[in-house]
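According to Swiss-Prot, the feature disulfide bond maps to C97-C189, an assignment based on sequence analysis. As annotated by Swiss-Prot, N-linked glycosylation site applies to N5. Taken from Swiss-Prot, the feature topological domain 'Extracellular' covers 1-25, 80-100, 159-196, 260-272. Annotation source Swiss-Prot lists topological domain 'Cytoplasmic' at 50-57, 121-140, 220-236, 293-313, citing sequence analysis. The transmembrane segment annotation in Swiss-Prot covers 26-49, 58-79, 101-120, 141-158, 197-219, 237-259, 273-292.
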Amino acid sequence: MEGKNLTSISEFFLLGFSEQLEEQKALFGSFLFMYLVTVAGNLLIILVIITDTQLHTPMYFFLANLSLADACFVSTTVPKMLANIQIQSQAISYSGCLLQLYFFMLFVMLEAFLLAVMAYDRYVAICHPLHYILIMSPGLCVFLVSASWIMNALHSLLHTLLMNSLSFCANHEIPHFFCDIDPLLSLSCTDPFTNELVIFITGGLTGLVCVLCLIISYTNIFSTILKIPSAQGKRKAFSTCGSHLSVVSLFFGTSFCVYFIPPSTRSAQKDTVASVMYTVVTPMLNPFIYSLRNQEIKSSLRKLIWVREIHSP
């Protein structure tokens, strides 16, 4: 292996989905449509929350941050893929690949953290409604969101620096449409034990904390809802967390298929297709889930559209 320390390589090649020109044209159109819908939908949710003072509550503060994370998340991977299809190239620079890895890990973990924080918010709202305003103070909300951003920025930086310390062999082809950590580790010609150990410890710990927060919060939520005597009261209580539960199921369900399925039953093609679900489809569906199942969001959207019609010439 001497003389083959290739950490200074200039680029990787993202194999993506297909090399057939006709299939690439179809993929370009599909992903461009999904990307535009995702960014527009999430930015619209943020705009609605900012402009409607009635939505200036902890729940919608967290939702605005989740929408921002979704818009950034999809912007980390899809634009580069679209650009490569457009210029008929599979190349991504070494620094560009590490930069993509950094932001991908930042936003995927940030999404998990924010969903856990939102579950805690719903727990307090349903299980301790009389103390909700006192517990979910503006200071605590800002702290929870700021801590999520900072912790995940540092967590992503750690993994990116460790990846940069590896040497890569002659094969620079990544069987994926973006620079994910597992495909990159498989290309290393040096022992990635340290990287894998850090992934196991930090990734396992942060993932466990998020999942436990979700499980504990929703266990208490469902327990409280079942104790409500009237059916109308149960429906009203469940409606406050139904949208969030749908998003949680979609995000964690699809990401589970990529990272927790035994390697013996996985393939690069299956992982790539499954990755589309939580990197592209989930961020695209989130605004629709919240707008269709949330009466306050729908009402604010109607008011925003009505105001624009009134002021339009």
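Any Cβ shown, glycine's included, is placed from N, Cα and C.
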- Beyond the flanks of the transmembrane segment (273-292) by 6 or more, those residues with Cβ under 8 Å of it: 31, 34-35, 37-38, 41-42, 44-45, 63, 66-67, 70-71, 73-74, 77-78, 104, 108, 176-178, 180, 243, 246-247, 250-251, 254-255, 257-258, 298, 301
- How many of the residues that make up the topological domain 'Extracellular' (159-196) does DSSP mark as helix, as strand and as coil? 16 helix, 4 strand, 18 coil
- Query: Counting other Cβ atoms within 10 Å of each Cβ, which of the disulfide-bonded residues C97, C189 scores lowest?
  - Reply: C189
- Message: Tell me the coarse DSSP state (helix, strand, coil) of C97 (disulfide bond).
- Response: helix
- Query: Mind checking which residues reach the transmembrane segment (58-79)? Cβ under 8 Å, same chain, six or more beyond either end.
  - Reply: 31, 34-35, 38-39, 42-43, 45-46, 49-50, 100, 103-104, 107-108, 110-111, 114-115, 117-118, 121-122, 125, 136, 141, 144-145, 177-178, 247, 279-280, 282-284, 286-287, 290, 296
- Short question: which residues 6 or more past the ends of the transmembrane segment (237-259) have a Cβ under 8 Å from it? 66, 108, 111-112, 115, 118-119, 122, 125-126, 182, 211, 214, 218, 221, 224-225, 228, 271, 274-275, 277-278, 281-282, 285-286, 289-290, 293-295
- Message: DSSP-wise, what's the residue breakdown of the topological domain 'Cytoplasmic' (50-57) into helix, strand and coil?
- Response: 5 helix, 0 strand, 3 coil
- Positions on the same chain near the topological domain 'Cytoplasmic' (50-57), where near means CB under 8 A and six or more residues out: 64, 296-297, 300, 303-304
- Looking at the stretches 26-49, 101-120, 197-219, which one shares the most CB pairs under 8 Å with the transmembrane segment (141-158)? 101-120
- Message: Using a Cβ cut-off under 8 Å, which residues of the same chain at least 6 positions beyond either end of the topological domain 'Cytoplasmic' (121-140) come close to it?
- Response: 58-59, 62, 216-218, 220-221, 224-225, 237, 240-241, 244
- Note on the structure: With the cut-off at Cβ under 8 Å and a gap of six or more residues from its ends, the chain residues touching the topological domain 'Extracellular' (159-196) are 1, 4-7, 9, 11-17, 76-77, 80-81, 92, 97-98, 100-102, 104-105, 202, 259, 268-269, 271-272, 275-276, 279
- Message: Quick test of the contact rule: Cβ under 8 Å, at least six residues beyond the ends. What residues does that give for the topological domain 'Cytoplasmic' (220-236)?
- Response: 122-123, 126-127
- Message: Below 8 angstroms Cβ to Cβ, which residues of this chain, lying six or more residues outside the topological domain 'Extracellular' (80-100), approach it?
- Response: 8-16, 24, 27-28, 31-32, 35, 160, 163-164, 174, 177-179, 184
